[in-house]
Amino acid sequence: MSVPSNGQLTSGSDGDGGTLVRVKLTNNEVQNGQVTLVLINDNDAIKHGDTNELTNKSPNTNGTHHDAKMKTNQKYRAREQWANKFEFILACMAYAIGLGNVWRFPYLCYKNGGGAFFIPYFIFLIFGAIPILFLEVGIGQYFRSGGITVWKQICPLFAGIGIGTVTISFILNCYYIIVLAWAILYLYNSFSTILPWSTCDNWWNTDKCWSPLLNVTAKHDSVNSVTEFWEKRILQISPGIDQPNGIQPELAITLLIAWVICFFCIWKGVKSTGKAVYVTAIFPYVVITALFIRGITLPGASMGIKFYIFPDFERMLDSQVWIDAGTQIFFSYAIALGCMTALGSYNQFNNNFYHQLFFLTCMNSGTSFYSGFAIFSVLGYMAHEQGLTVQQVAESGPGLAFIAYPRAVATMPWSSFWAIMFFTMIILLGLGSQFVGVEGFVTAVVDLFPRYLRYGKRREWFIFWTCIISYLIGLSMVTRGGMYVFQLFDFYGASGICLLFYCFWQAFVIGWIYKADRFYNNIEEMIGFQIIPWFRWCWKWFTPAATSATLAFYVATHSSIKYNGTYEYPAWGIAFGWFLALISIIMMPITMIVIWFQTPNVPNKLRHLITPIEITHNNNNNNQMDLQK
């Protein structure tokens, strides 16, 4: 393969574990001793070897060609690539299409005007989420770097963008997997002839327990058996965050199981990740379709669907509707976390991510809309059976997955089967987002320290310790007061404030410092044609405006968190929540200060620190080589 070099250089395999390099050398260079060849891989990671064997293949005159057998360090592991384009698409689907599409979007749609909610949703999609999604994948593919190092190359002064987004990703990875721990325990309890949350004769039930199967009228102070199963059996919840009351052992075990599965999904890098996403990205659609078919055949389903999509255009005058649409779209597309950049970095340089991401966009938003029919048809059935309105049974987030839907399933024929199907879907949706998220974090750190973490089994050990540390942090959320801790992580740690903050700065840096025109040309260099100029306008104008306006509204309307709308957190709990939010935000200014003072005093220092690092690309994805004596 031809490789750029100061001299003439070609290379290939020698079939004996080494690299055979043909290079133009002078006789004096050959006679004076060994020549060291340095093979420079992506991100300046280096492997090298000595030319112990030189074979003269032409007359001994200056400038002749010699074959040099270079024994490279076999422990070094070059940067991987996806086995095919389909794996990249599935990995993006597994990460972006998660629990929020099933348990948050349908509820927000119903709450904020039904079908009218699609107006602000698609405005934020077009002006905000899609431009940032294409930006993140594009820079990853062009610079072949993870979420941290890519910003060091684009604009050294703003390298903190990468550190901040990866910090959010780590926080998200620590608490998102708790949902899987809950779902695994629910799944275990679903393998029963009679679902345990459908009755009131269990050890965890109280005198106030009521179940639709009892054929008695609920009193004003009755507590549904599903709610008691959730709070007293699964969570075993304490009165407050200041009373952890020990670890719930079953959740500690299911959390460990979730982390073990996650580890083995990614421990071999994109080779194992690429195979795992075939299951986690595709099978949930089979389950959603089965639930949809079952749901629309139930009595009362039409009532639930009507509440889901019936448009109420007067709601468009409420600013909260626009805030919900803006925050949901950025959550749903998993941007400002550094992971989409990591996934794009494993593509071949000439991969047409442009068309692939349009497909992902359709699948993501389409899944949100489609799953709403599956969910609300069942909620309509539950309202019909209990003589309630859909408003009284509709919930969002964990309340939908672990209270409302199990309550509906408990009254269906073949209830155990549908419970198993539902929680299998929840686990697969969550697992796909979880292990791809951890892969994105690992990629960012490995690319930051390639000379250390790409040798031998060090990457596997780093993944192992990342899982162990994250598991230990997660144990604080499976105590009997852990639900309160989980809600703080969820509300503050990966909140709209953090995501919108970094979405704004990503668009600003690409649009105004790196220059939108330059990135526009970079994309043309990769995919071979010009994309629509809309993206260039978004990176410069529309996306910074949309994200900054949403962020301002979000902060202006922000209110203190409450659990179940009643429990108020102590002041130290709220302070811890803001610490989780600010720990990622302050990474950018702190990094800017450190980089400024670490950089030697050079002429035009500011210009030097905002100038991107020039890179050259070999479109055949070959490694670059340089020759050093």
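The backbone N, Cα and C atoms fix where each Cβ goes, and this holds for glycine too.
Record features (TrEMBL):
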- 86-106: transmembrane segment (TRANSMEM)
- ALA96, ASN101, SER332, ASN364, LEU429, SER433: Na(+) binding site (BINDING)
- 118-143: transmembrane segment (TRANSMEM)
- 155-188: transmembrane segment (TRANSMEM)
- CYS200-CYS209: disulfide bond (DISULFID)
- 251-270: transmembrane segment (TRANSMEM)
- 282-309: transmembrane segment (TRANSMEM)
- 329-346: transmembrane segment (TRANSMEM)
- 358-383: transmembrane segment (TRANSMEM)
- 416-449: transmembrane segment (TRANSMEM)
- 461-479: transmembrane segment (TRANSMEM)
- 491-514: transmembrane segment (TRANSMEM)
- 534-556: transmembrane segment (TRANSMEM)
- 576-597: transmembrane segment (TRANSMEM)
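Counting every protein chain shown, 21 other Cβ atoms lie within 10 Å of the Cβ of CYS200 (disulfide bond).
For the pair formed by ASN101 (Na(+) binding site) and CYS209 (disulfide bond), distance between Cα atoms is given as 32 Å, rounded to the nearest Å. A separation of roughly 35 Å, to the nearest angstrom, links the Cα atoms of SER433 (Na(+) binding site) and CYS200 (disulfide bond).
Three or more CB pairs closer than 8 A are found between the transmembrane segment (534-556) and the transmembrane segment (491-514), so contact between the two stretches is assigned (pairs 6 or more residues apart). When the binding-site residues ALA96, SER332, ASN364, LEU429 are compared by Cα distance to CYS200 (disulfide bond), the shortest distance belongs to LEU429. Shown are the binding-site residues ASN101, SER332; the one with the most C-beta atoms within 10 angstroms of its own C-beta is ASN101. A simple Cβ count within 10 Å picks out one of the binding-site residues ASN364, SER433 as the most packed, and that one is SER433. As a quick check, the transmembrane segment (416-449) and the transmembrane segment (576-597) miss the bar of 3 or more Cβ pairs under 8 A, pairs 6 or more apart, so the two do not touch. The sparsest Cβ neighbourhood within 10 Å, among the listed recorded positions (ALA96, CYS209, LEU429), is found at CYS209.
Same-chain residues lying 6 or more positions outside the transmembrane segment (576-597) and placing a CB less than 8 Å from one of its CB atoms are 156-161, 163-165, 167-168, 171, 488-489, 491-493, 495, 497-498, 501-502, 505, 561, 569, 605, 609. In this chain, the transmembrane segment (358-383) lies in contact with the transmembrane segment (282-309); the count of Cβ pairs under 8 Å, excluding pairs fewer than 6 apart in sequence, is at least 3.
Long-range neighbours of the transmembrane segment (461-479) within the same chain, counting only residues 6 or more positions beyond its ends whose Cβ lies under 8 Å from a Cβ of the stretch, are 170, 173-175, 177-178, 181, 238, 244-248, 251-252, 255-256, 259, 262-263, 266-267, 438, 441-442, 445-446, 453, 485-486, 489.
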